[in-house]
Amino acid sequence: MVGDGQDLTQGPAGERGIGSGWSTGSAATAGALANPGDESLMLSSSNSIQCSGPASASASASALSLSSSSSSPSLGSSGMSLADSDQDTVVMGVRGHGDTGGGRGGIDRPAHARKPDPGRPRYSHTFLVHNTVRASPLSKESPEQNFRGFFNLAMLLLGVSNLRLIVENFEKYGWLLNIPLSGVRLVDLKFMVLAVGCLGVLMLGSFAAELVAAQRSRNPSASLVLVPFVHSALIVAVVFVPSWIAWEYIWHPAAAFVPVFAATIVSLKLISFACVNSDMRREMRLRIRSRPVEDMTSFKPEPITSENGEKFHPSELQYPANLTLANFAYFAFAPTLCYQTSYPRTKRIRKVFLVKRVIELSTAIAGMYFLSVQYAGPTLRNSIEALDSMDVLRLSERILKLSIISVVIWLLMFWSLFHCWLNILAELLCFGDRRFYQPWWNAKDISEYWRLWNSPVYNWGKRHIYLPLILNCGVPPQAALAIVFCISALLHELLIAVPTHCFNGVAFLGMMGQVPLIIILNVVFGWCRRIFKRPKNDLLYDTIGNYIFWITFTIVVYAHPQASDHPIVIASPSLPRASSTSMPTVNLADPGQEPLNIYYQVCGTGSQHILFINGLGGLSHHWDDVAEYFVKLGDDTACLFDNRGVGMSSAPAGRYTTTLMARDASRLLNHLGWEHVHLVGVSLGGMIAQELALMLGDKVLSLTLESTYSKFNGVPFFAKRTAYSGQQTLVGRLGQTLAGTFHFCDRRLDDIRERGYPVLVIAGDDDRILIQPSSSKYLAERLGARLEIYKGGGHVLFLEDPEWHNALLLETVRKGHERWLARTAGQ
């Protein structure tokens, strides 16, 4: 043991121990011990540990090597080489005999090794461990901040959480995916092509108008007053004509969105085309040149360079030399909204780059479809009950859940459109300027986000709206900003309202509501910076601002349910319900078989029970207006449900028949305890109602059959659909289609007629897509039923003219109830 006053630098034989007597080699070793994070340490014979005394010569010749693969020094035998076993050696703070085996210091010794002499030098605990000022690795002052492991952990946890959600969703809802756009009618595609074709014609009209203006401008006395009005009329037509076609003739939102979106882009392009050529025409006629924007504002445009660093020089095309069909066609398809006579161009098309973008685009679109159908749809449906009851806690949970799905879908949309699709267009056209977006994800507030995320629209708005208002019209910058936001809000409302056939102002108000939000946040942050005396670009405030941006972006902007009354968009409407109970499911399967969960809703508390049965792909909420009408009368209770194979009900594999689906409805009535019922069915639901009426017999009080038949009449039932809910699996779709195709109740209609209860058959004389009016007439004759044909009516009359439909249905239900009361009194 070493005493308190003993000199650790002197051993009993005069050798120098671990202390001030160490030479350069030993200092390096001590430094390696003090810094265990060093990558490697190699000590050769030239920098070995030196000792004084008789053993110093052989000790200095000994070599020590530590493998570079080790992140810290090891005292084990694998990392050491001791030369002369007869001499004493000091190794990394270990002082002892130079045996090939070790004793103390953790070095293994062979059995025949001699015991260490107590008088010989040995390991000393005095080497320095703390030899510098260092911060903890997680501190921001640490120079070695590397959080790659935490990032990997976060990605792993995110993946596991999403996997759990996928399993939970599949267990709860099953597989909801279907063939994309399988519900689009052929007539929708025809009108979509027609609307896009109209856009092409109108674009050529704008080009021709500019050619005429260019020819007339060569004559100094010619008047060009009508040119702006012609361009304006064509731009209005570009917006109005496709939107009108989509609103009036295209039912499916996806098919309607294509011409409306294209019309928006073309209108912005034509505005830029007209404005630029108007200025060039004016400069040519007056022989002047406009002042560049950098001389009028603080804006300093960056020099335009090509991909190899060479400066881009715009072509010297003078008006009207730029008015060629090739030049106009290039601008029409180029991924930009701002017209120029020439653009930066690349030299070739990179095929590998193009293939990558195509694969990424396909993957992103598939992801959006999967999340929309499998996750967003059920979440929206489950939000309706919370909206009806105004359960704040439940509604908050729904909004937070929907916000996650909405943001992920939005990010996929951004990636597919701005990175993949625009790069594909740019690569095919050799368009050089690929700055379609800026790093908006680092935005410090909403206003910066709007400046960064959509460069084509931002550049267009700044070039043709914002700067002209300020520089030419003297409008204050804040007012010009509000005008730009208003135009953007109108376009957003157009893009959402027309495809969904629902003008409710939600998109417009959502956009305009961000203007005061931007002002408030700027004022608050300005006050905080002045109070705490922080600079404008302070990192802390920028980080806080980015958090606020993401919270606003996630919850306020994109979390609210974009619900409309279009049955394709969502599976549950935003209509109020009177006396609506919960919306449960009931298992109607036989014991021991796979569960068959039927989703239903009961509204009202009246004594008269009405069962509404949907058609192919129809959802329970489609009857909401009709059910609400009867519930408000106070005497009726309505039951709405999803048939097997659609909506929230199960979609078991196997053959579907109208008899099987009628048995599901019969078991649902038994579950509800309804002994007598009025049956109302439309299309496929009418076929199910026929089978159910045969099953129930005298329990039926009245029967209403709408737009249906008793036997297949050869209409292409599957190929031509008037409506599609978007909440139907492929199995359910095919199953319901086959059930309607092979429905045959013609020979048993006399059994229904003999019961004597009121039967109403209604149809539209213009319903020639699914059910021909002649089928309804034949059905009414066989049943001895009342027949009502609606002039100009289509397939779903209770949506086309609810007042007419509900009056007929109420009369039939009341007659059935009176008949039942008379029979009961007679008994």
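Including glycine, each Cβ sits where the backbone N, Cα and C put it.
Here is what TrEMBL says about this protein:
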- 23-34: compositional bias 'Low complexity' (COMPBIAS)
- 106-120: compositional bias 'Basic and acidic residues' (COMPBIAS)
- 609-749: domain 'AB hydrolase-1' (DOMAIN)
- 1-38: region 'Disordered' (REGION)
- 92-124: region 'Disordered' (REGION)
- 191-212: transmembrane segment (TRANSMEM)
- 224-247: transmembrane segment (TRANSMEM)
- 253-276: transmembrane segment (TRANSMEM)
- 358-377: transmembrane segment (TRANSMEM)
- 399-425: transmembrane segment (TRANSMEM)
- 469-491: transmembrane segment (TRANSMEM)
- 503-527: transmembrane segment (TRANSMEM)
- 539-559: transmembrane segment (TRANSMEM)
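For the domain 'AB hydrolase-1' (609-749), DSSP puts the residue distribution at 61 helix, 26 strand, 54 coil. Under 8 Å from some Cβ of the transmembrane segment (469-491) lie the Cβ atoms of residues 264, 296-297, 457, 461, 507-512, 514-515, all in the same chain and six or more residues away from its ends.
Packing against the transmembrane segment (399-425) from elsewhere in the chain are residues 333-335, 353-354, 357-358, 360-361, 364-365, 367-368, 371-372, 375-376, 379-380, 383, 431, 434, 436-437, 453-454, 456, 553-555, 558-561: each is 6 or more residues past its ends and has a CB under 8 Å from a CB in it.
For the transmembrane segment (253-276), the list of distant contacts is 181, 184, 188-189, 191-192, 195-196, 199, 202-203, 206, 210, 228, 231, 234-235, 238-239, 241-243, 245-247, 328, 331-332, 337-340, 457, 460, 463-464, 491, 494-495, 498-501, 566, 568-569: same-chain residues at least six beyond its ends, Cβ to Cβ under 8 Å.
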